[in-house]
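Reviewing the structure listed below.
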């Protein structure tokens, strides 16, 4: 079951100077305005309201902020809202001095063309990016003239999912200044009746919270209002800064007189199912744990802490075993064992003894665990009425044994055969999360990212609590034949205690008098059937009597749930099936105005008397990279101010770097000797060279050579450079093509194209790519692999020279020992000795003898330039130059590195 969804919301309004004033008469005296208390840089946020309407778990949220520019000059106002990753934005409007600029949801490719046109003019800002574990941030900024007012209004919707027996609305509040009218107003309507309602804040004492907070519930209605006065917002009695900086949480649950509840409005129905009081079904759990070398240290210790805590929660009727995989696969016991006190004590000793070693043979580890569960069932080693679960934890990609993701998926799918679920826990960012998610989804489970933080052990244990208490297995939701259309998922492997199954659909005949639903499942003691029958007229009339709820909420809930499930199915679909799923999800997204991974919201806003276009896309899990973010997204963009040269990527101190720039000059830093080696490669324009290839991580970098506009036929005087680079990840099914004009990114969702005129950050699971306008591009694959591409621009009308690229490897410590290529072969430690330094043919460039790789070479002292910090002049780097295309230094000869194309 999916975890409870936190309705997260951060309000952060930031103000900054956007213009330095207005031209006017030299005799005009400008008096300083008296600014209201709490105003920041002349911008007063005088009203912020979060209006939440929750109807039958479906939340409709409107965030409205009003600000005025009290300064004498134009100012830039930014509006930031953090919303749940599970939410869909449905509307955004910007109102300036009474003129409203709305947002429009369009197909992503249609919006992209509008976006790219604006990017080419250097005018755009992407609006949505990931923010932490559960949230993504919506940001928009606008210039506001002196004395003018601006209103921002954002609407988003989501289905709240039950987690550990309650629904949670989690609001992270951060206005960053005193706000005259600040209010959170939440209305909850639940036809089943509300059984409990609570609210608390992390940033304010209970005494102050009590006077600012009102909460009440009676019957079907609940209300929470948080309305602090200016004095209650102050961080101290005489302070002008706000203490509203933290978490505000609303929790509630509903009455459950029967296990199921059906609601019908306007021809759509929703069926909630959450039985209580059932005995727990015994479970058979195999923990498949990655103990490869990358788990060394804190990660492994936190994993062991979590496993010890999980062992405390095991019931005696449960069965368990541990599978450890690195280069090899080992097991704690030959077969599953019962969770008796004696066995649990032995299990604790085993967990404490776990140590890291070797590489990552994920395929064999999983297959061993699956085989063990199958054998236990076949040999009747576990109770007949029990359920099996595989829980796998890994922090990296498979790089030993079978490492092809598609083959691993096939092996696991065939081995499980739909008999039990697989849950995948991805530890950190240096892994292919999309693969783990696809692997889990097609085996009736789900994936969860475990963030590398101090609470990682709590995250692991928290996941286990979600699946610790299965009450039913093989759950089927059945409805009258020919009576329903467009049904969402109605078959589930498990129902877990404290969760809820939600099914929605459309009635084929709205004139029917009654509606009946059966839920069938296997319990701990027997097979169960729960029947719910409702009178359509009575049900619809009862729901419509509440005027304040939005009447089409069940239809929108159905659309939300359908889109969510179509997108999940799409991840493992291929060919025509994937096209059909995409078309269905896109049609619904456009019809119901949802910003999903297939659509974008385009906002046109006024800037300097011109319309500026901005685009909001749905990020993916991705995020997963701590900035990143939702696994559906083709790309994610976030606006950043133009970066100066000082903002270029700076590697950690002591990190060796390798690069190729200029004509093209290859420079290899050898930090152990505080020295560098360099060589040139002379080849015809159009030649593609292999720079990096790592079969373990799946990363490849190739570069294509270009010449001057007017090339010399004489190779001695010919100037060549890199004009195009291809960066690819086989494991992520991702390609990046960099030219001197644009950057193109392909992944499984499609193609995204950006301009060197843009300043933008693009993230998806395992990737972070930042383009700094007209300067450089920084590409990181998780933690430990970072490349920088430098753009060298010349006068476009120069008669000879043209723009070219430099390529720098500033972090390679996660690349494997099998990495090769003209640059990649030097990522591994190597040694050289220089002796017999003597005058060369040029007085300032002495020659010497170098012994490297058991070869003796004649080298010349020279210098090249590092352009990372200064793209124009560069920084001089002294190096020993190896002649003849690096002969004797590189493995083989340079022509061995010529490849047919970029990818």
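Just so you know, glycine gets a Cβ as well, placed from its N, Cα and C.
Residues or ranges marked as domain 'VIT' by Swiss-Prot: 29-158.
Residues or ranges marked as domain 'VWFA' in Swiss-Prot: 284-467.
Summarising the annotation, Swiss-Prot assigns N-linked glycosylation site to 91 (among others) and lists sequence analysis as the type of evidence. Taking a C-beta cut-off of under 8 angstroms and a sequence separation of 6 or more, residue 91 (N-linked glycosylation site) has the following same-chain neighbours: 102, 103, 153, 154, 155, 593.
When Cβ atoms from all protein chains are considered, those within 10 Å of residue 580 (N-linked glycosylation site) total 14, not counting its own. The N-linked glycosylation site annotation in Swiss-Prot covers 580 (among others).
Its Cβ placed at the centre, residue 663 (aspartate 1-(chondroitin 4-sulfate)-ester) has 15 other Cβ atoms within 10 Å. According to Swiss-Prot, the feature aspartate 1-(chondroitin 4-sulfate)-ester maps to 663, an assignment based on similarity to another entry.
Annotation comment: Swiss-Prot describes 1-20 as signal peptide, evidence class sequence analysis.
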Tell me, roughly as an integer, the mean pLDDT over the domain 'VIT' (29-158).
78
Just the number: how many Å between the Cα atoms of residue 663 (aspartate 1-(chondroitin 4-sulfate)-ester) and residue 580 (N-linked glycosylation site)?
49
